[in-house]
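To keep things clear, I will list the structure first and then write my remarks on it.
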Amino acid sequence: MTILIEQPERGSQGDEKKIVSHPNELVLDGGFVLPSMGSECGFEVAKLNSFGISFRDYDAINERQKTVEEFYRINHISQTYDFVKKMREQYGKLDKVKMGIWECCELLNDVVDDSDPDIDEPQIEHLLQTAEAIRKDHPNEDWLHLTGLIHDLGKVLLHPAFGELPQWAVVGDTYPLGCAFDESIVHHKYFKDNSDFNHPVYNTKNGVYQEGCGLKNVVMSWGHDDYMYLVAKENNTTLPSAALFIIRYHSFYPLHKSGAYTNLMNEEDKENLKWLNIFNKYDLYSKSNVRIDVEKVKPYYMSLIEKYFPAKLKW
Ligand SMILES: [Fe+2]
Ligand SMILES: [Fe+2]
């Protein structure tokens, strides 16, 4: 079974940035371009971006942008407050599968990105590349290594065993529902066809929330971030709150890129955001030339999984 998992690149708002014009740039998970960190971080610069498109192939890039825009059009029309409530209730039951964290990493290997011709490396290597890059720079934060490994596991929502959700309900930037859509959200114009757009309460700045209520009380658009957060929390992980924050908000670019929605944050969120900003630097989606020897690093990650999670989790 082949399933698309590609994270769409960012749309109109960052269109200029999206055209990767220099080979010394890497593309982040959320599609952001990051200047190359050179050899200090141990990563070689990829010749192709994460969509397998040559950096100078502007036709291919234009084509890709159209696909991305269409992705966000559907996403912005379909992600409503009621939709998310329904999904959280349905998936919050965690009655789909019972498996360990490592099993899930392996399951994600079956989820292949069709749009990427450069997919010789299994997904598990991408997870481990993020984790190992963090480990190299922050050797004492073992919880952050594990967070790197698991932050994208929610993409199993694309798998038939998890209902094979469409792309717009799994990947892409996330944003709050139940309050006004901030203009910094990529392709904001498509929200005008979202049924929440003219709602008398949902279209106000604080919406259904109190100022400073804390992000944990805010309903986020549905996707792999919120799902993996639910899985970790409901299976009583002992990971610190910063790890859960990273997992839940790593695609919340309107917050960590544009500084929107700070009116909903509390003090704990502000502390945790510092860790998310550190993490984002490592959330590389580019192809790294550094191959990871999975069997070699597996015992280390198994020991972290054992430390922070039960042997079997409900998904
Ligand atoms: Fe990621
Ligand atoms: Fe992600």
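Residue 1 is the first one shown; counting continues down the chain.
Glycine is no exception: its Cβ is also placed from the backbone N, Cα and C atoms.
Taken from TrEMBL, the feature substrate binding site applies to Arg56, Asp113, Asp114, Ser115, Lys155, Gly172, Asp173, His250, Ser251.
What TrEMBL lists as Fe cation binding site is His126, His151, Asp152, His224, His250, Asp283. Note: His224 (Fe cation binding site) has non-local neighbours Asp152, Leu153, Gly154, Lys155, Val156, Leu157, Val170, Val171, Ser251, i.e. same-chain residues 6+ apart with C-beta under 8 A of its own C-beta.
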Q) Among the binding-site residues Asp173, Asp283, which residue has the largest number of other Cβ atoms within 10 Å of its own Cβ? A) Asp173
Q | Number of Cβ atoms other than its own within 10 Å, given for His126 (Fe cation binding site) | A | 22
Q.
Please report the distance from the Cα of His151 (Fe cation binding site) to the Cα of Asp173 (substrate binding site), rounded to the nearest angstrom.
A. 14
(Q) Test of understanding: give the count of other CB atoms lying within 10 angstroms of the CB of Asp152 (Fe cation binding site). (A) 26
(Q) Out of the binding-site residues I have (His126, Asp152, Lys155, Asp173, Asp283), which ones have their Cβ sitting under 6 Å from ligand 2? (A) Asp152
Q: For Asp173 (substrate binding site), find which of the binding-site residues His126, His250, Asp283 come within 10 Å, Cα to Cα.
A: His250
(Q) Suppose we screen the binding-site residues His126, Asp152, Asp283 by Cβ distance to ligand 1 with a cut-off under 6 Å; which survive, in sequence order? (A) Asp152, Asp283
